[in-house]
Amino acid sequence: MPKSFYDAVGGAKTFDAIVSRFYAQVAEDEVLRRVYPEDDLAGAEERLRMFLEQYWGGPRTYSEQRGHPRLRMRHAPFRISLIERDAWLRCMHTAVASIDSETLDDEHRRELLDYLEMAAHSLVNSPF
């Protein structure tokens, strides 16, 4: 049986690292910080980590706790323009780039980034 993407890239440890490094940047980014209504980003960090782990073949904790992901619906209340999309992608690219190539080889890195870019583009809901 082939390994899932989740297992192939180191499982929870890798996704924890990506998401924690991403949110460390979000906390300091004036564009993105406005998108998050909570003062504490821990809840958002946990939700993204659970979502990514599930999407890539890990535990189904996200769906068990929150139901179907419905990304567009869950992000609809927030104004997401090209500016927010680009800031999100910049932070996510930096977080993914911080993972060593033994853990996240070029093929898996590209697959992950392709998905993240597609998802970010699909969530844009405002021209401004």
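Each residue, glycine too, has its Cβ placed from N, Cα and C.
Secondary structure at Tyr36 (3',4'-dihydroxyphenylalanine), as computed by DSSP, is coil. Among the features that Swiss-Prot reports, 3',4'-dihydroxyphenylalanine is placed at Tyr36, with the record citing experimental evidence.
What Swiss-Prot records for His75 is heme binding site. Other Cβ atoms within 10 Å of the Cβ of His75 (heme binding site) number 16 in total over all chains.
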Review point. For His75 (heme binding site) and Tyr36 (3',4'-dihydroxyphenylalanine), what Cα-Cα distance in Å is obtained after rounding to a whole number?
Key: 11
Check your understanding: Hey, what's the Cβ neighbour count for Tyr36 (3',4'-dihydroxyphenylalanine) at 10 Å?
Key -> 16
